[in-house]
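Per Swiss-Prot, the features are:
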| type | residues | note |
| --- | --- | --- |
| DOMAIN | 19-130 | domain 'Thioredoxin 1' |
| ACT_SITE | CYS50 | active site, nucleophile |
| DISULFID | CYS50-CYS53 | disulfide bond |
| SITE | GLY51 | site 'Contributes to redox potential value' |
| SITE | HIS52 | site 'Contributes to redox potential value' |
| ACT_SITE | CYS53 | active site, nucleophile |
| SITE | ARG116 | site 'Lowers pKa of C-terminal Cys of first active site' |
| ACT_SITE | CYS170 | active site, nucleophile |
| DISULFID | CYS170-CYS173 | disulfide bond |
| SITE | GLY171 | site 'Contributes to redox potential value' |
| SITE | HIS172 | site 'Contributes to redox potential value' |
| ACT_SITE | CYS173 | active site, nucleophile |
| SITE | ARG237 | site 'Lowers pKa of C-terminal Cys of second active site' |
Amino acid sequence: MVLLKSLVVASLAAAVAAKSAVLDLIPSNFDDVVLKSGKPTLVEFFAPWCGHCKNLAPVYEELATALEYAKDKVQIAKVDADAERALGKRFGVQGFPTLKFFDGKSEQPVDYKGGRDLDSLSNFIAEKTGVKARKKGSAPSLVNILNDATIKGAIGGDKNVLVAFTAPWCGHCKNLAPTWEKLAATFASDPEITIAKVDADAPTGKKSAAEYGVSGFPTIKFFPKGSTTPEDYNGGRSEADLVKFLNEKAGTHRTPGGGLDTVAGTIAALDEIVAKYTGGASLAEVAEEAKEAVKSLKNSAELKYADYYLRVLDKLSKSEGYATKEFARLEGILKKGGLAPAKVDELTVKVNVLRKFVEKAAEEAKEEL
């Protein structure tokens with residue numbers, strides 16, 4: 001009976017160990033797993049009797065689980081440095097727990113000196129590897145985590161970049177965090193906009209904070225496309241305030257939550273021409289004028305949307321009621337929901353353009369009622 005009980009306990013222990021997402025390291029596998037694998041690895045040197053190690057254990061396991069989807073890009077591992085003292089000595093471990101980051105290219109690790117909470121550890125991994133932890137029950141963050149080594153590569157190019165310089169202990173930063181996540185999600189479909197964050201209190205972020213004049217937290221800076229000189233953001237910190245700011249600066253037409261406003265995709269010069277048609281002008285004359293106007297457009301985005309104006313005019317030449325029917329059809333599809341964000345954007349732009357063709361008729365119908 002005692003033997004059976006021992007076997008059951010051993011089996012349960014083995015099952016628990018098998019489920020762990022944290023890699024166990026010993027002298028015989030350390031070099032192969034950490035130094036020769038080419039994969040960045042965070043290693044905890046711990047002792048079973050250490051109270052701080054016991055407190056860290058569930059957080060460390062959660063970190064490993066949140067990164068398990070990217071195990072080909074980053075590893076979370078641990079060493080019982082009380083049992084394997086040679087390994088601890090090899091890497092200068094003098095207390096427990098000690099966390100060291102190996103970049104997969106060098107035998108010289110970087111000491112982790114941040115907090116032992118999940119957010120701090122996750123942010124550290126994101127800064128070092130670009131891999132973001134997937135927290136249980138939530139989608140991966142769309143905020144771009146930057147540091148001293150990566151911020152230069154993120155600004156000055158073909159993107160407008162909005163950066164929040166924060167500190168883990170800052171209460172206002174914690175209040176901003178969920179709004180910042182929403183903002184990143186709102187602009188996720190806009191390739192020319194990046195929503196980013198720098199832990200300006202971390203050793204890997206202090207240089208950037210000093211360079212860009214950060215003296216308090218949070219500090220928000222806007223780097224326009226093609227510029228490495230930031231503009232200070234001093235407006236409100238609600239999603240609506242931040243969305244409005246980015247729309248004005250980047251020429252986007254987002255609404256809080258990620259939708260597009262009623263102007264998105266429309267072109268003022270073509271709207272004036274369409275107004276002549278809805279006002280009673282000849283369709284053939286309007287279509288010809290629109291084609292000439294399109295030739296003068298130089299913005300690539302405008303040219304893309306201009307094609308749809310011309311397509312609608314062509315359809316109208318074959319069916320007078322096309323714009324009204326297509327407007328109603330696309331609005332119905334949008335109301336049903338269940339579409340991918342890119343498809344929602346595409347249909348919203350078409351509805352906005354079609355509205356220019358039908359709004360005169362809609363106004364007249366209201367007047368008759």
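Heads up, the Cβ atoms here are built off N, Cα and C, so glycines get one too.
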For HIS172 (site 'Contributes to redox potential value'), which of the recorded positions CYS50, GLY51, HIS52, ARG116 has the nearest Cα in space?
-> ARG116
What does DSSP call CYS170 (active site, nucleophile) in the simple three-state scheme?
-> coil
Round to the nearest Å and give the CA-to-CA distance linking CYS173 (disulfide bond) with GLY51 (site 'Contributes to redox potential value').
-> 30
Across every protein chain in view, the count of C-beta atoms other than its own within 10 A of the C-beta of CYS170 (active site, nucleophile) is 16
Residues of the domain 'Thioredoxin 1' (19-130) by DSSP state, where helix covers H, G and I = 48 helix, 22 strand, 42 coil
Three-class DSSP secondary structure - ARG237 (site 'Lowers pKa of C-terminal Cys of second active site') | coil
Work out how many Å separate CYS53 (disulfide bond) and ARG116 (site 'Lowers pKa of C-terminal Cys of first active site') at their Cα atoms, rounded off.
-> 10
Counting other Cβ atoms within 10 Å of each Cβ, which of the recorded positions CYS50, CYS53, CYS173 scores lowest?
-> CYS50
